[in-house]
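What follows is a set of notes on a single structure, which appears directly below.
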Amino acid sequence: MSDAKNPVSPQPSRFAYQARRHLPERIIQWLLFLAALTAVAVTIAIVVILVYESLGFFRHVSLWEFLTDTQWTPLFSDKHFGILPLVAGTLLTSAVALAVAVPLGTVTAIYLSEFASHGVREVVKPFLEMLSGVPTVVFGYFALLFVTPLLQKLIPELPGFNVLSAGLVMGIMIIPYVASVSEDAMRAVPMHIREGSYAMGATRFQTAIRVVTPAAASGIVAAYILGISRAVGETMVVAIAAGTQPNLTWNPLEGAATISAYIVQVSLGDLPHGTLEYQTIFAAGLVLMLMTLLFNVIGHLMRKRFREAY
Amino acid sequence: MSDLSGTPDQVGAIRAMIARHKRWDMIFSMIGLVAMLVGVITLLALFLDLVLDGYGRLTYDFFTSFPSRHAAEAGILSAWVGTTLVMLVTAFAGVPLGVAAAIYLEEYAPRNWMTDLIEINVTNLAGVPSIVYGLLALGLFVYQLNLGQSILAAGLTLALLILPVVIVATREAIRAVPGAIREAAYAVGATKWQTVAHHVLPYSTAGILTGVIIGMARAIGETAPIITIGALTFIAFLPPSPVTATPPFVSFEWLMAPFTVLPIQMFSWVSRPQAAFLENAAATGVVIIVMTLAMNAVAIWLRYRFRKRIKW
């Protein structure tokens, strides 16, 4: 501050002042950089931990057996380590969820973006946000004790744990994700394209289906793929409502464990660190991680494409 | 219009076509309304179902009792205390880290491959299933760093989980501050950090807060990662008190204590066959859902209010 009083202060003190000002700046910048770097560190840590523990697993079980055996019974005395039943269970619950979320999510997005008045949108969007804020364990309770009994009235032979009810509830759970990403894509379609369509005498429905939706197609597909990735990684709904019995089936009326449900099931027991059973959950987690990573990468590529379209 | 061209026949055909298209328009807007209401109705059904199943258990004793083998005496004392303490750790670890990372990415980051790498990782982390964070925590916090199955390990796990949410929300809030504000600060000789700390951050507080609240609401309901690190489902004691009678009056022993949280308590009751425990589960569900919905509502209200008030 001394050089403020004396504008023509000698050189050294000005340098000192600048240094005093700049050193903390540099330190702060470094601290902020380190904070940002944690994102990279976390990713690396996830990959290292999953791969390291999985390597221990693959020393005992061949990759071939892991990928081709049709039974997953690591906790029984007759051990089999085929990931297929868990992958099938995961894909089956996700398929049911998507069968719900894709049509409902898309129609909701079209309605919100092209039909709804400003007032309706302001009321409904917070509700949808709240729906996506409901904890998954609560959705699990709802699936097991509300939806399953309801479905059992329609399909009397439905078992208490089944993929159908878990998938349906999961589908409703991911409607908000599908709807909001699709709606963003539709909103990104420039107004003059819509106006062109209206000028030709098209109705809102025609404009929405034949003009806006095709223009936003890659964004909408990205929404579906992000929805899949969320469904694949979802844990509590399936762990509670679809059961924990690995089951290689494509019938949603049966119960089937997913990868995540298996991890939860094993974690609930007391597993000694370093055993083969302990390592199975990391191998399963690695498969889960690779599956969601694949979907996420495709989804983001699609999303990027639609962003660059205009 | 119609008298300009065409025979009455053609006019009739065109009228019929317009009517048909308008009918489709009507039909679709009905379908859209119904599709939209499915989500809203499910939310209401879910809430009503929980309240109807669980309201009988929502007494004062339920909040002040430990879990028990007798459903009627069981309560959620250890669970809500556990949730509170875990959230405390999450907030203290996750929020400063997330906000600092966002400030770096928005205000400091040069355009180079390092920044790209960080950004890709943030987007990617947002899509990693929560249970994978649980596996990371099990391998890293519980065994490598030897934190054990403690409140600290759980809090740090959830802090990593909400990191992308906090970063994305903070970046959006910072980006909404006009460049003119920064230029004005630089023009009067402020350094970069002074500009950020005195101007950019105060103006974006509401947006950051919204993101933090939504992230915390998500963390409260997270079950899978905490089960994975091995939280116990039956805890009939409280962690050591953070405040002690002897100097230095604060104790951090609670950080290393075993714990349970509300969603895990609910899960453990759902998995029991007796109907009485299901009532307890429903009551716990009501508590969780009221907490998360209240937090979400506050966030939505904050955003709405500040969007209205701030006019640049």
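Every residue number used here counts from 1 along the chain in the order it is shown.
For all residues, glycine too, the Cβ spot is worked out from N, Cα and C.
Database features (TrEMBL):
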DOMAIN    B:80-299  domain 'ABC transmembrane type-1'
TRANSMEM  B:27-48  transmembrane segment
TRANSMEM  B:85-105  transmembrane segment
TRANSMEM  B:125-145  transmembrane segment
TRANSMEM  B:151-169  transmembrane segment
TRANSMEM  B:200-220  transmembrane segment
TRANSMEM  B:226-245  transmembrane segment
TRANSMEM  B:252-270  transmembrane segment
TRANSMEM  B:282-302  transmembrane segment
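Residues 83, 87, 90-91, 94-95, 98-99, 103, 107, 158, 161-162, 165-166, 168-170, 172-174, 176-177, 181-182, 262-263, 288, 291-292, 295-296, 298-299, 302-303, 305-306, 310 of the same chain, all 6+ positions outside the transmembrane segment (B:200-220), place their C-beta atoms under 8 angstroms from a C-beta of that stretch. Only residues 6 or more beyond the boundaries of the transmembrane segment (B:85-105), in the same chain, are considered here, and those with a CB under 8 A from a CB of the stretch are 115, 118-119, 122, 151-152, 154-156, 158-160, 162-163, 165-168, 170-171, 174, 196, 200-201, 208, 212, 215-216, 219-220, 226, 239, 254-255, 259, 261. The stretch from B:125-145, B:252-270, B:282-302 with the most CB pairs below 8 A to the transmembrane segment (B:151-169) is B:125-145. Beyond its flanks by at least six residues, the transmembrane segment (B:282-302) meets 46-47, 49-51, 53-58, 62, 76, 79-80, 206, 209-211, 213-214, 216-218, 220-221, 262-263, 265-266, 269 of its own chain at Cβ-Cβ distances under 8 Å.
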